[in-house]
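Data block below; observations after.
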Amino acid sequence: MIMNDTTKVYNFSAGPAMIPREVLCQVKRELYNWKNLKKSIMEISHRSQEFISVVQEIKHNLRKLLHIPNSYKIVFCHGGARGQFSAIPMNFSKNANHSSHNNVVDYINSGYWSYSAALEAKKYCYTNILNVCKTNNKKQYILPMNTWEINDNSLYLHYCPNETIDGIAIHEEPKFNDKKIVIGDFSSTILSKRINLERYSFIYASSQKNIGPSGITLIIMHESLLQNINSYVPSILNYKILVNSNSMFNTPNTFSLYLSGLILKWIKKIGGIKEIEKRNIIKSNMLYNMIDSTDFYINDVVSNNRSRMNVPFTIINTKLHEIFVKEAYKYGLHALKGHNLKGGIRASIYNAMPIKGVLKLINFMKIFEKKYG
């Protein structure tokens, strides 16, 4: 049994993901007495000036980190990304028969999550699903954006730039005409790299990967979209209501917002999104180089479409997968089991995963191959 170097634990979970240690230490210090108020942040009213200032600071830091133009609204809500799978078509479809051909939306299918969003949209719209993930020589790849057969009259286009299960990424940014409403599910890539928000009309992200703990959903949307929100949308999902109430239509997850605010400060402290992106490129390149250096480990995505956040791989002898996960756990490398739909092994290396955590995984992979290869 491999038992070396177990003093430090690294969490490779796809979500809830690892949180920076120094942020957790700050939470520990403040848990019982936040800002000398003699009570926890969890006990503070969401309508108090103290908590409103927390949310205002979060929005300010998001605007600075992501260079969000003033014409975009920032909203926090409930329900995760799956909640948005329903909310988006409900808010933006035409108030007509869902199968009507003047109620068309484009959904780019690149994997499980984008397809799940498309299936939900079919309940409300005529959904044009474009399959852009292909396979050649047992390697998955994404068709270039300029080959996507987009409907010129579609109400919007939805896509997911990073599929966490298969580890497939669309690194291109949208280059469609200015009138096209582009919606992106950034749940697993938000804050991990620089993006040109002006190429999107609406992006959203669940919080439990790069933003903070689970429990909130971030929406960044152009203010022009608020002009045509359907009135029949339930209030808790209605974007106009959420914007006008400053994300306080009902009680938000105050603790998750507080902790997310600390993580944004941590990102600023270490150098912002530019530094985060640099680290993420280093981490993912190191891990993929390890996989490609041997026939023992296999990744089935072409290099141009490999995810920087989620690195799935298999072992040439698939019977070793369970052994790998168990021995890695004893080595201090947790949550490496692949998704149930794909199997194998998956290392999710979000923002909070330090380079030394990936180095420790690589060292374990070398030891494991030497033992079982």
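Every residue gets a Cβ built from N, Cα and C, even glycine.
Quick caveat, the model's predicted, so the values are computed rather than measured.
Cross-referencing Trp113, Trp148 against the pyridoxal 5'-phosphate binding annotation in Swiss-Prot, which names Ala81, Arg82, Thr164, Asp185, Gln208, Asn250, Thr251, picks out Trp113. DSSP classifies Asp185 (pyridoxal 5'-phosphate binding site) as strand under the three-state reduction. For the pair Arg47 (L-glutamate binding site) and Thr164 (pyridoxal 5'-phosphate binding site), the C-alpha distance works out to 36 angstrom.
A coil conformation is recorded for Arg47 (L-glutamate binding site) in the three-state DSSP classification, outside any helix or strand.
Cα spacing between Trp113 (pyridoxal 5'-phosphate binding site) and Lys209 (N6-(pyridoxal phosphate)lysine): 15 Å, rounded to the nearest whole number. Taking all protein chains in view, 15 other C-beta atoms sit within 10 angstroms of the C-beta of Arg82 (pyridoxal 5'-phosphate binding site).
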